[in-house]
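K.L.:
What Swiss-Prot records for Cys63, Cys64, Cys128, Cys158 is [4Fe-4S] cluster binding site, and it gives sequence analysis as the kind of evidence.
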Amino acid sequence: MGVIQTLDRLMTNPMPEGRVEDILRPEGENPLLEKGYVTTSVDALLNWARTGSMWPMTFGLACCAVEMMHAGAARLDLDRYGVVFRPSPRQSDVMIVAGTLVNKMAPALRKVYDQMPDPKWVISMGSCANGGGYYHYSYSVVRGCDRIVPVDIYVPGCPPTAEALVYGILQLQKKIWRTQTIAR
C-alpha cells in the first residue's frame, strides 16, 4: 500500500476511533434527530469548529518551508481540511515552525506567538525546528523551538515530506478533539 493510500485511509475522519457524537449518528439511531433536534455538548461543537477551520501562520525559516508550500498545493490540498494559510498572526490559531531557528530569530518567533489569539497551537516541522538538526552544535542555533514556544506536534524529517506535515495536522486535529474548553 502506497503513501497516498495510507493517508487517504487516515484522513477520512479526525474523530478518534470508537468515539461517536450524537450529530454523527445515522438517522435511525438518533431519535432526537428524527424529531428535528440536534444535541451535542458545547465542547464538542467548539472543537468541531476548531478542527474544521485551522488557520496556520507560516514561520518558514529554511528548506522545510518548501515542503509546507507543497502540502498546500494541488496534490494534497490542505484547503479540503479547512486549513488555510494566513499571513498575519492575529488571524491564525496554528503556527507551523519550519526550519532552523537561530538565536537572532528567537525573539521574533516569541513575539509572533504572543500576537496569536487563544487558543493557539504550534507544529514544529523538521529536524532543525525539533532539535537543531544538522546545525545542532552551532553557536547560533536554538536547539529546538520548544525552548521558545510550547510545541504541540513534532513532525520529524530532514526535510519532512508534505504527507508527513498533513499527518501532523491530522494529529493536531485529533488533539483538539480531545481538549475540554469549558471547565467542569
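Cβ from N, Cα, C; glycine included.
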K.L.:
Excluding near sequence neighbours, so keeping only residues 6 or more apart in the same chain, what lies with its CB under 8 A of Cys128 ([4Fe-4S] cluster binding site)?
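P.N.:
Residues satisfying the criterion: Leu61, Ala62, Cys64, Gly99, Thr100, Leu101, Tyr134, Tyr135, Val141, Cys158.
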K.L.:
So around the [4Fe-4S] cluster site, Cys63, Cys64, Cys128, Cys158 aside, which residues have their CB within 8 A of the centroid of those CB atoms?
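P.N.:
Filtered neighbour residues, in order: Ala62, Ala98, Gly99, Thr100, Met125, Gly126, Ser127, Ala129, Gly133, Gly157, Pro159, Pro160.
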K.L.:
Around the Cβ of Cys158 ([4Fe-4S] cluster binding site), how many other Cβ atoms lie within 10 Å? Please give the count over every shown protein chain.
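P.N.:
Cys158 ([4Fe-4S] cluster binding site): 12 neighbouring Cβ atoms within 10 Å.
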K.L.:
State which of the following binding-site residues has the fewest other Cβ atoms within 10 Å around its Cβ: Cys63, Cys64.
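P.N.:
Looking at the binding-site residues Cys63, Cys64, the Cβ with the fewest others within 10 Å is that of Cys63.
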